[in-house]
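Listed in TrEMBL:
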REGION    1-46  region 'Disordered'
COMPBIAS  1-38  compositional bias 'Basic and acidic residues'
DOMAIN    38-111  domain 'RRM'
DOMAIN    204-283  domain 'RRM'
DOMAIN    291-385  domain 'RRM'
REGION    383-410  region 'Disordered'
COMPBIAS  394-410  compositional bias 'Basic and acidic residues'
DOMAIN    422-506  domain 'RRM'
Amino acid sequence: MTDAEKTAPETTAETKETTKAENDGTEGDVQKDNEHQRTINVGNLPKDITEQQLRDHFAGHEVERVEIYHYLRNTLALLVFKEKAAAQKACEEKDGSMLNDRRLRIHIEYITIRYTKKDVIVAVLDDDMTEEKLYDRVKEHCEVTQVFIFHPLGYVHLGKDVDKAAVLEKLNAGGLKAYDVNGRDQNQHVDLWRAAKLFFRNRNRVQLLNIPQKWVENTEELKKACSEAGTITEAIANNVSQGSSNYYARIFFETEEQAAKAAELLNGKVFEGKRIHALHLSSALLPNYKTSVYVAPLERTVTEEEVYEHFKQFGDIDFVNRRNCGENAIVCYKTSEAAEKALACTTFPAPTEANKEATKTVTVLRYDGPLVLRATSVKRKAASGTAKGAAGEGKTRESRPAGGSDREKSHKDILQKLQAFYPVYVSNIPFSCPAHVIREFFSGAGGEVKFIFSPQHYHPYRLSSPQPVKTAMVYYTRRSDMLNAIKQLDKKMLNNQHLHVLPGRGDCNFSQQKTVKLSKITESLSEDAIFRKMRPLGKVVRLTKKNRSLAFVEFADAADVEKVLKMKPDELTINCVYSKITKDVSRRLYNESDPRILGTIVRLLRRNPKMLNKTTGAGPLMGGNSAVGGGPGGFGGGKRPRMNGPPGGKLFFLIDLLVCFTLHRLYFPVHFHNVEMHFCLLNSSTHSAFARRNSSISRYKFVYFLLLFFHSNFH
């Protein structure tokens, strides 16, 4: 069992099919002991393993239930013990032990896999290679802590203080094609690890890659297109802000058989001009290294379909992958002969308006193992390493300019431009909720949302809930709209979760006297579930969960905090450590001035320079008490425009009255007594007049509206 698996939070982004109690975050109420803490995952089992053999191997620890799963060449089992302590002891004693000539891989079942460790190498293996053979082969050169294989790749966890470069050199010299995992096909490796260790959680799931944007924006369209294989119980799509090559979705069926059938029917089909990949159990497109090539460099706008159309001339293609490949594309053929022919390709279509037949030079190489696909990041790391080396050799660095670095100046400029807008901070948003749904929700309270920014840096918060969550900064064009959103939308429901809406600027700290800190939370609880459990102890006014095991609960009365701290452990509703806070703790995870936040906004502005342009309409006709501060349209947000027009005195005003009276007699000879009719006729013109009140025509419209009002009431 690796360090990552020992210390990993007991949540997962690859969520298995859950019960109703798990979905609403109250699984602790239904199953007090949390069964996943009593369950171990046993990997690298022989395909013919039996339940009795496993029970015999774990004799001495009372096993309640055994479940065995098979996927491709992989076989694993879940063992549920009677006691949590027995499961932990079984992990410690049996991890790495031999059963039927297999070295077992064991960990507590409920883990999440988000990254690859730095001490891991990956090798491309022959079909007859086993984990035991690979273990012995690497053990000759260094300490090995764990090995696992997902054919044709084998992953080896090296011991501490091992010279990885020297080990790789020895292995390659011995004929084993090995690579450093760090920085190489990172996302693919994570997906493969999940498939190898956690596939049993996704029996009813089909992963869809390279899907049309229409499906991402509207999951009902997705369900309609994919329902031929069975009943879809749930469909989840990723955020539409990602590149089109990275669009993906997950659909869940009622049974495993329906999911397997759907993957078979949908894989390779073309919808809305996109050839989709449908994968059952796994979410990784693993190529056959004997029949695959990769193409570089390509423009990021090049789609999988364009690559497919060009390279199908060399033979039948199994699939094309552009997902997370940057300037590259992977082409997996059905035969090695087709891959051999594709190596001769040197050009790729690059049509322009002037020349539709234009091409660009590309390089096609064998994709015979995990290659460096993120060349930009690798070069950046190499450059930083060179700079550090130069400094170590005694070379002096150039002094910074007096005004600070260019990055600091850029951040200050962006922060200054953001002052023209009014943000609210929103947390506990369902991670799968698209941006357009959030925009519609926050526009529904009235007011104009300029843009929404949802940072992705905060992984501990994302995985703090049984279902992944995220935060966002919603920027309004008027301060009154921002205040109204905080007042009306705080604690409102979005996709069955209560949102926390706070001011986006200024201090926003918990009250030290009224707040209790919950640390070392052992249950997997959402913020809503914690609220329900803490509500019987007092009136909760604010709750924030920072990560899976840490939360802050603010009560309306300080006496409730004292009462909670004096309660006995068996009287408390959540199994954790309760304490007071002794310093200021922000209710937000981050501030607008956070360098990581500003840095991301800078990158967004490079793609969309007009994002911060304030080109909105005018404010409301009549502003309430909250309508303060400057607003768009050249006048204070929510305030009445000047009624005396531009400089010119009473003479211009009298001329306006005369012109409007003449217009009235010409166009409205019939007496109207319905003011609402006049208002409807002139509503659009008066609204535009407020935004352009210095125009003489707009003054006529405005004063004319007043004349109509008095005429209808006093004629």
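Think of each number as a place in line: the chain as shown, counted from 1.
Glycine residues also receive a Cβ, built from the backbone N, Cα and C atoms like all the rest.
Predicted, not measured: the structure shown is a model, and the values here were computed from it.
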Checklist line | For the domain 'RRM' (422-506): best-contacting stretch of 38-111, 204-283, 291-385, by Cβ pairs under 8 Å | finding: 204-283
Checklist line | DSSP-assigned states of the domain 'RRM' (422-506) in counts, ordered helix, strand, coil | finding: 24 helix, 30 strand, 31 coil
Margin query: As a quick check of your reading of DSSP, tell me how many residues in the domain 'RRM' (38-111) are helical, how many are strand and how many are coil.
Written below: 19 helix, 30 strand, 25 coil
Notebook entry, point to check: What are the helix, strand and coil residue counts for the domain 'RRM' (291-385) according to DSSP?
Noted result: 29 helix, 25 strand, 41 coil
Notebook entry, point to check: Taking DSSP states H, G and I as helix and E and B as strand, how many residues of the domain 'RRM' (204-283) are helix, strand and coil?
Noted result: 30 helix, 25 strand, 25 coil
